[in-house]
Amino acid sequence: MTKLAICPGSFDPVTFGHLDIIERASKVFDHVIVAVFHNEGKTPLFNTNERMALLKESTAHLNNVSIDSHGGLLMDYAREKSACAVVRGLRAVSDFEYELQITSMNRKLNKDVETFFIMSNNKYSFLSSSMVKEVAKYDANVSDLVPTCVEKALKAKFNRG
Ligand code: ADP
């Protein structure tokens, strides 16, 4: 049976921190779907199609990874895809409380799907999409934080292309 995992998130935009988690998950599971979700607490800079396009380009080298999006509940999506797992990344302690809340709710909604956490690579522990957007807005160099396609897209968004 194919072991399929979902890496859900906003990916607004994808960073090397996300890619590190996606690559490591792709080594453990047969197939990984990176799914772009809408996070009620966040107003996105990139629309869903833009976020998906950047993810597609950044994961083109991973042949068991595909990109999708979903507008509803993660656990309904997981059921629809017959996924056995959800993979999330854990950075500093600050991620923990939030992830604990979501994971216990998700378990209530769908007991057949296990959530796995991959600890962030030390060099990306303090890297977030919000931080990247914040500094890119002021034309800071983000080449060591995001793939080239994202760097270009940020420049275009902030009219610095
Ligand atoms: P969400 O809005 O669902 O938190 P994000 O795009 O912010 O979506 O994050 C998606 C997933 O990637 C989350 O599990 C998050 O913890 C993880 N993640 C984000 N940045 C990093 C990073 N620098 N290192 C490891 N994991 C990360």
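The backbone N, Cα and C atoms fix where each Cβ goes, glycine too.
The domain 'Cytidyltransferase-like' feature in TrEMBL is assigned to 6-134.
The Cβ of Arg88 (substrate binding site) has 19 neighbouring Cβ atoms from other residues within 10 Å, across all protein chains displayed. If you look up TrEMBL, you'll see Ser10, Lys42, Leu74, Arg88 marked as substrate binding site.
The ATP binding site annotation in TrEMBL covers Ser10, Phe11, His18, Gly89, Leu90, Arg91, Glu99, Tyr124, Ser125, Phe126, Leu127, Ser128, Ser129, Ser130. The secondary structure of Ser10 (substrate binding site), as reduced to three states from DSSP, is coil rather than helix or strand. Over all protein chains present, the Cβ of Ser10 (substrate binding site) has 20 other Cβ atoms lying within 10 Å.
Reduced to three states, the DSSP call for His18 (ATP binding site) is helix. Its Cβ placed at the centre, His18 (ATP binding site) has 26 other Cβ atoms within 10 Å. What TrEMBL lists as site 'Transition state stabilizer' is His18.
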Across the domain 'Cytidyltransferase-like' (6-134), average pLDDT on the 0 to 100 scale: 95
Greatest C-beta neighbour count within 10 angstroms, which of the binding-site residues Ser125, Ser129: Ser129
Rounded to the nearest Å - Cα separation of Arg88 (substrate binding site) and Leu127 (ATP binding site): 15
Greatest C-beta neighbour count within 10 angstroms, which of the binding-site residues Leu90, Leu127: Leu127
Secondary structure of Glu99 (ATP binding site) (DSSP, helix/strand/coil): helix
Under 8 Å by Cβ from Glu99 (ATP binding site), counting only residues of that chain that are 6 or more apart: Arg88, Leu90, Phe117
